[in-house]
Amino acid sequence: VRDDLVYNKMFLFQLEETQAFHKKLNKDKLLHAPEFVIEPRSHTIWEKENVRFNCSVAGWPEPRVTWYKNNVPIDVQAHPGKYIIQSRYGLHSLEITDTFSSYSCHRREEKQIFFFSFTVAVTPHGYASRFEISFVDKFDVAFGREGETMSLGCTVVINPDIKRFKPDIEWYRNGVLITPSKWVQMQWSGERASLTLTHANKEDEGLYTLRVAMGEYYEEYSGYVFVRDADAEIPGAPGAPLDVQCLDANKDYVIVSWKQPAVDGGNPILGYFIDRCEVGTSHWTQCNENPVKFARFPVTGLIEGRSYIFRVRAVNKAGVSLPSRVSEPVAALDPADRARRLLMLHLKNEKLCAEGVVPGPPTDLQVIEATKNYVVLSWKPPGQRGHEGIMYFVEKCVAGTEDWQRVNTEIPVKSPRFAVFDLSEGKSYCFRVRCCNSAGIGEPSEATEATVVDDKLDIPKAPGRIMPTRNTDTSVVVTWTEPPDAKELVGYYIESSVEGSGRWEPCNNNPVKGTRFICHGLSNGEKYIFRVRAVNAAGLSEFSQESEPIEVKAAIAAPSPPYDIVVLESVRDSMVLGWKQPEAIGGTEITGYYVNYREVIDGVPGKWKEANIKAVTERAYRVRDLKENMVYQFQVAAANLAGVGAPSKPSKPFKCEEWTIAVPGPPHDVKCTEVRKDSLVLLWKEPVYSGRSPIVGYYVDMKETEAKEEHWRSVNEKPLQKKYLKIGGLTQGVSYVFRVRATNQAGVGKPSDVTDAVIAETRPGTKEVVVDVDDNGVISLNFECDQMSPDSKFVWSKNYEPIQDDPRLNIDTKGGKSKLSFKDLGEDDLGIYSCIVTDTDGVSSSYTIDEEEMKRLLALSHERQFPTVPLISELAVEILEKGEVRFWLQAEKLSGNAKANFVFNDKEIFNGEKYKMKVDKNTGLVEMIMDKLEEKDEGTYTFQLQDGKATNQSSLVLIGDGRLIYTMQWAEKIIPRLPQLSSSLFTVFNTNRHSMFFYVTVLPASYRQGMSLSATDLKIQSTAEGIRLYSYVTYYVEDLRVGWVHNDSQIKFTDRMRTGVTGEQIWLQINEPTPQDKGRYVMELFDGNTTHKKAVDLSGQAKWEAGIFGEAGIKKHSKYLWIQYSFLLFLQALNLSCTVWGDPTPEVSWLKNEKSFVSDANCILKYESGKNVSFSISTVSTQDSGKYSIVVKNKYGTETSDVTVSVYIPEEEREVEQEKKK
């Protein structure tokens, strides 16, 4: 008893102590939920290896741990030996064998449940646990035409590259796997996957998807392919049908189906013709006499056991279309025959039905298709028919009668299918079938219900609610609703039209399923409307209502991440970052950037923090309030109207510390513009950190993209003061990268970040800034762009600094054209003017206005602002034979609206008895004839011309008592050289608005003598026709007599030898000279009192140039210049020269008397710069006489030119002449 009391007391004490302890726990709130002290981590293991996961869990009360696989609790009993779960002293473990799944650890404490998930991946030994698959050089939306060859391809990059593990390459069209065929070829080169459509048809149109799989990992890339109709052979004929298939093939018939084309040629399609061809032949047979509208047709009359292919043609009132692509071959066989034969083999030992049994009636007779043209029946063979084959007779009758008529009267039907033709549209018929064999004809089947000969399948109604939405700058997404009560829809056709054009174009040529389609190939900036029609076998529906117009432009999206984050400056508590603009800006301007940063301690990054709450517009930002000597990472996100895009990848770690280097930091925002095939312009911004002294210049480095680092080379030897440079000498098609370094007194600083690779090429459609001066004299720079997006803008710069509110300039932009006009072009406007179009692929150009160009533009501006009628000759005067005075001038050209005013002493004079006026607008000749000259006619005569806005005038003054009147230009030259003349003879007058002064006078006859007789010695000149002898006289007057003498005989002038005066040059032209033309030539000038002579000896010329131009056969417009004849004296020098040219550069060789010869000490042959040819003989002799030839040759042909050289001894020549005289 005592012991029991003691025990009870001790128990009560322990109970009280336990309750007090629990009260204390609740009071101190020591109860807490489970938590993982040591978390399980994910593993990647090799195949057939075991893996063990461990975790430690704390909590009060003690948690219970449950392990899960793919969210299902692991049952150790269900998988003996596969899983081992242990829990010892708070350490929990799971050991598993090979698997590949996600696992989770589940801890439970009363009503609180916590999970921690992790993954174990089992990889085949030697392979990577995960592959990164990316596509480069991807195919885009493609457009083709029927009959063309089209290719799609992508370069596939797989990382890591494991040679023993090859990818699986699959192509899909509209989600259906494509297999190689005669229409489709697929290739895999190990790097590039390609698919080729050898003969594109509309059946090939659709969404093509390339799937590249590496084990369980795969990536896909898709692009749409459009195939348009081939040109019709008959104008206005419809497009070809498509997707011809054979259905329900049997012993003697097959049902052919197809899809209607999208293009009807402008006229409704009346129906279709079906053609068949036996496989192995090329003979096509038309199956139907009349066109059928229903897109299914039963073809009968086939020969059992033979194979056929089919095609379909559409027809409208214009003609028949091209045939469709042929169907796959189909055999005329009963599908049940093979099964029956197998069954007969199994029953060969069993008792067969007796032969000679009349077959019973067919069963399950029904009408499976009814149209206006035919009715298709289907039935099942009878059960009682014996083992021999049976055939069928089909009977019909008008509903409500018992007048049965056999349809196939001649040949029984072998197939349990039959198409009945020649029925009356709208009538009702009943049908029944009888079986027959060698024993006889069986009883008829049960008749069908009355069937109306009409289309059972109705043409669908029009779709509704057409809704276009923006997609890209060349595509629009169109959605619609399905038509009500639609049956057996094949798909939809979509058409588009530029608003207001009235012309509709198909957007797809293969019916699309679903109620959404992306219409590609639209023009950016145009407004389009859309409509849709539904398609089934019965036909095409009416068009839907037209959609609302929509402008084609890209739908905006958030921009892609910026990249290449660099540090531009670092101090103790802040760092300046720079980065590159996102590659995709999302279809609208970037409004700003957001910068985040995080600390990195011992390689472990912390949490991201915002550096700026308000977006920054520049691509450089100072992050403040950083800790000195702390390592940070940064990321940047771009924002536009669509929102904030994804942030960039974290930058590499940067340490926040004071930069103390003396040289400058890196320049930033380096970019390329105005990229052409041989040049580009590089722009950059100055470094944020300038070093310990001011920046004095920049060096630009470049190299080819694939070249190694040691191949960097400097473009400029001396530092540049400006922050731009045009780099020339690039090689077309080569890819380059660039960088910039700043320099100060301490040296050259760190280079900028390298630019993106740039290919030296002038892209198709590239346009340049063009200078223009309009009719009002306004000078402007003009730039056009046809690649603009809706948000693109023209940005003009001067010396690559944006122009902002310059009072000297005016910028006007309309659509894709922008004009920068100068209000008053001057020296302050000199510089480089550039224009960049934003939101394009680098569209830019520039124009340089230097001092010389400014002068040219100002002169052109003045000419356009104050245009003049250009004159060939100023106003002149002459005395005619009858004492009349002729005033005349000649303009270069006059339009039909030109007019002339005639003024004398500031008063306009008109056509009458004294003055006869004439304006020849064809020749530009303006003249006035005065009947006689009187003293009252002294004064100023002016001709005023006006041709549109252009004007001009010319004047002369008649003064004095002389009888010859000179024009003002002649007087301007002569008067300063006649000091003996009195100044009272001259008058100064203003001829036009430029205040140009001319001296004009009427000179007495005494002053005219001797003026024209101051002539130069005769000279010889080669011309295109032959030889010209000429002399210049100081002043030429019309009554001066000129004569020519050859070898003491007066020359009789002909077409081959003629004389003339051009200005102050008196000349004798000898065309096609011959050896008889050599000798002494004398020019005689007679002024009425005295004869003056000038002579030249043509045969005594040691060196002269005479030549002709002749067409060569070397390419199209190659020419050569060569000497034709030359006469030389003994011991003189000979020099023959010419110019040859051709593409490619011709070869040149010399012949003498048809034999080749080369240079020696006395004869020197030269061929310089691929065009200059010369032949020199220092001392000629009679042996050098002969025929010399030059032979010019390239791959296009050969040309030869000859020259005859005659060398004679003067003494011998004189003796010959004397003998002739005797």
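Cβ from N, Cα, C; glycine included.
Features reported for this protein in TrEMBL:
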type	residues	note
DOMAIN	34-105	domain 'Ig-like'
DOMAIN	124-222	domain 'Ig-like'
DOMAIN	240-335	domain 'Fibronectin type-III'
DOMAIN	361-455	domain 'Fibronectin type-III'
DOMAIN	462-555	domain 'Fibronectin type-III'
DOMAIN	561-659	domain 'Fibronectin type-III'
DOMAIN	666-765	domain 'Fibronectin type-III'
DOMAIN	764-850	domain 'Ig-like'
DOMAIN	1132-1206	domain 'Ig-like'
Inset, instruction - May I ask you to check whether the domain 'Fibronectin type-III' (240-335) and the domain 'Fibronectin type-III' (462-555) make contact, with contact taken as at least three Cβ pairs under 8 Å and only pairs 6 or more apart in sequence counted? - result: yes
Legend entry - Paired segments the domain 'Ig-like' (764-850) and the domain 'Ig-like' (124-222) in contact, 3+ CB pairs under 8 A: no
Inset, instruction - Examine the domain 'Ig-like' (124-222) against the domain 'Fibronectin type-III' (561-659) and state whether at least 3 Cβ pairs sit under 8 A, considering only residue pairs 6 or more apart. - result: no
Inset, instruction - Take a look at 34-105, 361-455, 561-659 and tell me which one has the most Cβ pairs under 8 Å to the domain 'Fibronectin type-III' (462-555). - result: 561-659
Legend entry - Per-state residue totals over the domain 'Fibronectin type-III' (361-455) - DSSP helix, strand, coil: 0 helix, 43 strand, 52 coil
Legend entry - Model confidence over the domain 'Ig-like' (1132-1206), averaged pLDDT: 79
Legend entry - the domain 'Ig-like' (34-105): DSSP-derived helix, strand, coil residue counts: 0 helix, 44 strand, 28 coil
Legend entry - DSSP residue counts for the domain 'Ig-like' (1132-1206), split into helix, strand and coil: 3 helix, 46 strand, 26 coil
Inset, instruction - With DSSP as the reference, give the number of residues of the domain 'Ig-like' (124-222) in helix, strand and coil. - result: 3 helix, 53 strand, 43 coil
